[in-house]
């Protein structure tokens, strides 16, 4: 387990007019609008985020250290030490990530597999630098340049690979890629954002969520699944800095949260972070670039490792690498005894 942390304040969020609430509203606005449209201007070709959310150059290069990437001597429910490290990161643009030496994190963390989301790069434009020694690289790109997309880096060559979930109405956005290994399926997902004014909420909940759950159910019938990625929902009030003022914000609507709860229960999936750290507060994976939100930890937990319930007893720890820079999201890590 991670060493115990000092008790965090459990006081309620301040009213919407407070400085903290304004910062959180800025963060939620950035999150809600990230997927609205791929940028058209040449200067913005690697981002579909609002112009105000562009990453400051001082925060572009990933920052890691031996301390920030330490893994605890964690054990599973039966006392077995962890033997498998998996990672996930919404990198907010593969080409920008490579340009800013994002592979430094991958090489220092050295997971067996890492899933990456929002690569924003068509297959024909994946640069040669995306080939990383020691890893097999797999990508599922959106039809639009500069939009969505997912990828997987794995040390071992997968037994099989599948792009998408087998539904044409979804798969043009490159939101899911699945790699099969001996003991599990590894699924990386970038779930659609419901958008500003919740323009895609109905599609997200009524179509995407249902079809994605059906896809996972089919995999789980064959072997256990490990699902990671930017799932674009803060499931519980504890999973964002200011729940009170974000009830109708994309990623925290009742519809999205209920849909996520339904998927977990109906598929017997476990949110590994909350399994290990059920009461940990201020544990976020996304922060807006606006108004110094990350420095003040005004964020959201949008990134997850979910596992089939029959793997839950093998979970040793689930970590958030909040010190790693280079995106508006940070990496997450899962330690298993497999």
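Just so it is clear, glycine is given a Cβ too, placed from its N, Cα and C backbone atoms.
Under the heading active site, TrEMBL lists 190. Positions annotated as active site, proton acceptor by TrEMBL: 329. Annotation source TrEMBL lists compositional bias 'Low complexity' at 49-68. As annotated by TrEMBL, domain 'Endonuclease/exonuclease/phosphatase' applies to 87-329. The site 'Important for catalytic activity' feature in TrEMBL is assigned to 303. Summarising the annotation, TrEMBL assigns site 'Interaction with DNA substrate' to 329.
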For residue 329 (active site, proton acceptor), nearby residues of its own chain (Cβ under 8 Å, 6 or more apart in sequence): 89, 90, 91, 92, 230, 285, 286, 302, 303
Sparsest Cβ surroundings (other CB atoms within 10 Å) among the recorded positions 190, 303: 303
Local confidence of the prediction over the domain 'Endonuclease/exonuclease/phosphatase' (87-329), expressed as mean pLDDT: 97
